């Protein structure tokens, strides 16, 4: 394919970038061959010219299509290169929050630095049994693949976990081991899987530490072999360790810590048991404070130590050993604090009584002097002499640190050894899975010997990885018969040779270590001389002569030579070791034993360097061990690494590569630079390169055909899919080297799938365009035709209208012409006349106008002066009014502002609670005060008005007086004329009167003004009061409304609370029921386990014998008395047990069980001895009683004869009564024969009266005899010297007469029935034997309490008489009360009749007649109801009497039989026991019972339960027939009152049902059949129990068949529990059948063909969605559901129970489908959502066809329906987020986010969900209160109930078919 076809406009490419490593860009111009550059558009919108090298083909990498981004497998990418891998990992990690990704056979795990909920038991169960490609990538998928291949191929497996420090290797290995422990379980009761997991906290405590990159970094490598037996259950484990970092014990860098165990001990130093260790804070010790980071955030070292100690205990390391370990660790800390001082330049010393050295010596049990001596000195040996040389302070300090490291290494090896001992087992190991947790490739600024060894190990592992990948590729090609071409891949064998070959780096290092004066510098020179010119992988730094560079497969690493020799030799002062070996501390001596003795069970030999080594062959001699001890660290590591590689090569490896996304431990933060470095180092990119070099993309022919069917024409499609694909590919891809055809797959080179996807997208896009074009054309044409028809219609109507308008216009034009002619003539004539008149008028008017104008001008000038005068006055007044108005308005505004402020204050006060309370408190008083004040003001106003009226009247009188005076004065004036001298005085008086009048007028005006002011004030006050009152009323109304609203809210709240509480109670009830049923399941599981263990023990001990044996049963408390077993079942169990005899049994468990068995046998023997002693005592007492019994036998026979005579008389009497009753009943066949007054009724009434009279007589006799017996008993108790039998003997001996004996018998019988004697149920024979067992002594009667007996008898008589008197009195009072009540009713009825009569008399005649008729109807109705009640009572009485007659007839039959046998003489019965023969009464009708003999019970259970085949005989039976038969047998046992028979029948039935379910529990028909029969048997027990609650739906005949003697309520509970167990077994059976169908039928199969296309897959092939032969489809599920339903209906299962079963089935379908959807990214697409919704609709249609829509099954599918809707809805805007939140109420937040993260477009037309949208969803759902669990619980079973369902089938009509072989049953 030419580059020009791919590098076209809009094609996207990757270009290098310094920050992001790779950056995406888009071509803006097509590329042509020979172009010097590419025109690119970056994502930020910038343009870039990318230069190309014309000599080299350095075109940038192409980007994969968007639909391939985020794939589970990197090999599924069409373009396989570094940027594609990096981008895919980043998208999955950042956008989808997925940390696992496949890369071919490698699982890439990115550390999220956050706890994720993806490791629970539900996730483990989801991955268990699944194919690796079917689920999303996970560590559990790798573990499941290893486990499955181990079981399938019977080949050992290995999981190799590698990565940098902090990448999550240890956690991944831990989760893999947890998966094995959970899935496989253990082969014994020793809980090996718990021990395997418990080894993790121990190894983390002693081998992990905090580094700058990781808080829990493993500082050693380990390989754990988990052993499995032949049934692939965990039996043990074995651990090998590599490269312990000993230097960390004595030195830590900044921000790092020592091993966790030291800090755990320091944090727990306050505990009492650690006081002797003399520990304190970690900052007080040199070895724990150097990193200056003693605490890890979020880690409690005290709790971690508790976890470590618990793990030690679980692994069998007791407290004493633990304290010994802690003692050694504390000693190391104290040793590090020992201060060594300079003595001189060449020597050093330790101060005397150094407290840390003292603590060290005390803890390890050595002497202070010896240790102080050899810490500062060393011994030098020559051939002849030995010297002691002092050490300088620096060398002494190094020697001290070397000793600390050596002690810790020994302790580490000891712990590993004992962990392996705890994990070892004596069961033969069949296979194992190894988990390797080892360092990844490391490179630091300063790299030393440790990094060299680590990278050497990674070189070996990378070589093994490359070879395995190459091998897998070759196998795949050969399998598909593809021509094999050599793939060039990087071979790191030269690098390995450089390190380990002869004269290699390690060889030269060992050689230099043997030199007397070897140094790091001389070793470096040897390296330069040997390899610098001969090996291209070895280089020398330019600026250093003490370093070298090695080109590793991942990167170049520069190593510093300083310290290599010292670390390789790892020497320790031998004298210090000798001092420790001489210790009194046993554990320390054990640590330093000989290497041969210290060898671990796994073949480990601890090396001098503290690194353990694998040894295949044991040492042959101590000399060999000594030589082995002298090996260098490098040599030991090389050997152990070689052994590890041999182990890995002998297994099938599985690779997990852990990636550290950033160096700052930020959650979900991705650094591309760091990720690329690790991808290059861990071999992921090498895997990609190898895959890309061949044919990385592989498709099956069916998948290719389904995906690219759109690229084919109809003529290209052939019946042979393989040939079709070949023909199409040859047309689409011209270069045949780009693909190869295999047997089942098509192989494509890199980029071809992207090219095909491009062709497919182009074809689909062209098809979309054509569809759009066609649809738009159709829509446009349709619109055009509609518009054309409308236009033609409009035109037609418009043209017609225009024609009509034209005709009208022509007519009007003609008429208008004629009108215009006459009109113009008229107008012209009129115009002339007007002109003439106008000329004359104009002259007249002009002249008059001129005159008027002159007059008007004069008049206007005059009027203008007047107008100006008035206008100016008006303007002045207007200005004044405006000013006045403004001033008033300003005043109003200010007053309003002040009033508003005051009103606001008043409102604030009114709103306040205190003011409101104050107003409410005194509101009524204030209103009354204000009202009173208003009344007072009104009174004052009235008084003022009265005063004003008085003043006015006085003023009027005064005015009249003044007028009279004026008249008089006038007369006087006349007289004054005569008297001039009086004028002056009169004038003065007149002036004075005027002044007074004026003053009076002013006073009046003042009073009027005051009255008006007061009136205004009063009116204002009243209005204010009214306003205030209105406000108060409003507030009162508001408060009332508020109270009503609060009351309504409280009512609603209470209603909601009650509803919620009711719902909670229902939920609690269901939870309690579910918990109870889970306990039943657990009980059944433990019971089966117990039975299996018993069988295993029996097989191991060979104690099984043929015939009958007793087995324990724990089904119920009533089953301990009888246990069913037969030869038939015993032989079956024996045959089954013989098949499992080869199963491995833990010896320790067997010994424990044998010991327990011995103890039980001893206990059984002691109980047996005790029982024999009791039996002997009983036999002796029985012999003595027999001797006495023979003496009393004569009296007993007399007593028996009297009893028979009495029974004969009663029998005759009852027979006579029965004959009369039958005769009367048969003689009256009329309807009213049973009515009151009829002969039958009279006969029954007479018999009842006679029986009552006889009963009263008997009661009196019983009371007399009882008083005598009670008196005698109390007398004997009071006396305390006489025995009980003697008293009764005296009393019986007095009863000489037959009547007295008869009365005594009757009284004794009633006494036994009384509540006082119910707890002592005595037989008559036993009582008589007691009465006459001793010889009477009549002479001591008076001495032994005769008077006291008489006194007690009198007291009893008095009490009896008082009791009778009180009884009669109560009876009399009750009768009087009833009569009074009747009298009152009569009076009320009389009054009512009188009222009705009076009312009727007032009515008209017609209404009176109608009222009378209505009254008569009412009265007759009431009488009819009363008569019906009496009739019902009489019917009940008749039924009761009939029952009594049946009982009497039965007793009569038995008495007759006894009487027939009783004809023998008493002398013949002395030595022979009496065996009454039961002769059943012959009846015409069957009673619905089945009789069987005791010895036939085993045969009954065998034929009816154990050997009954549901598919055979049971198909043609009545539903529930076995249950009916068992119940009819139970009825007969109840009828004959045989409690032992009832108990054994029920127990054997329950045990047999359990046995048949255990044997054939996986057969659905068997389980369904016995579930139906068990429920029917339970319903029968309820229906015929006699309880009124269960008898409502019974017929009269069924009520007669009720159980009469036993209450089986307890057994009903046991059978209900059995039904629950059967139901759960049925659910499990259905789940096992449906489980393989669900995922294939609901998710993978394309029910709607062509909707979803198959995306390209990687190396991990998932299950195909194409329906091949044998693939389950939705129709398979529906057929299976129909089969389940029809089977249950055929077996007669209750409809309600069927609904519960169907609900559980649909829950399983929905839960399994949703769980797989949440764990499969390839299933989360729009088209798959449509498929799921269609499948759900088909399930709903099935429910509708079966009439089960209301059973709740549809609701269980709601989460799945909402998940499917979530896949299909829009996911862009906030409105979409709101719709999703309201729609997905049945899904949890975690499930919604998971689906959105997994949503993957199948076609390019779909869009991915943005991260912002997912965050919006999370924000909106933040307040939800729900479980964080991701998956649904598929093991959850809804609590089952068994609603009572009575049967209408009559028991007497049931026929037993001969096919059941139950001929020994007799119908009764």
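Here the Cβ of each residue, glycine as well, is placed from N, Cα and C on the backbone.
Here the structure is a predicted model, which means the values were calculated and not measured.
Residues or ranges marked as ATP binding site in TrEMBL: 163, 164, 165, 166, 167, 168, 169, 170.
TrEMBL lists 913-1096 (among others) with the feature coiled coil.
The coiled coil feature in TrEMBL is assigned to 1351-1451 (among others).
TrEMBL lists 616-627 (among others) with the feature compositional bias 'Basic and acidic residues'.
Annotation source TrEMBL lists compositional bias 'Low complexity' at 1116-1128.
Taken from TrEMBL, the feature compositional bias 'Basic and acidic residues' applies to 1133-1142 (among others).
Counting residues of the domain 'Myosin N-terminal SH3-like' (8-60) by DSSP class, helix then strand then coil, yields 0 helix, 24 strand, 29 coil. The feature domain 'Myosin N-terminal SH3-like' is assigned by TrEMBL to 8-60.
Per TrEMBL, domain 'Dilute' is recorded for 1547-1823.
Taken from TrEMBL, the feature region 'Disordered' applies to 599-631 (among others).
TrEMBL lists 641-663 with the feature region 'Actin-binding'. Note on the region 'Actin-binding' (641-663): residues 89, 93, 103, 105-113, 139, 142, 145-146, 149, 153, 155-169, 172, 176, 213, 223, 240, 242, 434, 436, 440, 456-457, 460-461, 464-465, 468, 613-616, 669-671, 674-675, 678-679, 682-684 of its chain, located 6 or more positions outside it, place their CB under 8 angstroms from a CB of the stretch.
Marked as region 'Disordered' by TrEMBL: 1105-1142 (among others).
Per TrEMBL, the feature region 'Disordered' maps to 1167-1187 (among others).
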Report summary line: Same-chain shell around ATP excluding 163, 164, 165, 166, 167, 168, 169, 170, C-beta within 8 angstroms of the CB centroid, reads 111, 214, 217, 218, 440, 658, 660
Requested in this report: Take the region 'Actin-binding' (641-663) and count its residues per DSSP category (helix H/G/I, strand E/B, coil), listing them in that order.
Outcome: 9 helix, 8 strand, 6 coil
Query raised in the report: Can you name the residues of this chain that are 6 or more positions from residue 167 (ATP binding site) yet have a C-beta less than 8 Å from its C-beta?
Result: 109, 111, 440, 658, 659, 660, 678
Report summary line: Note: among binding-site residues 163, 166, 168, least Cβ-dense neighbourhood at 10 Å is 166
Query - Cβ packing number for residue 164 (ATP binding site), 10 Å threshold - result: 25
Report summary line: Most Cβ neighbours within 10 Å, among the binding-site residues 165, 169, goes to 169
**Report entry** Tertiary neighbours of residue 170 (ATP binding site) (same chain, Cβ under 8 Å, six or more apart)
**Finding:** 204, 208, 216, 218, 437
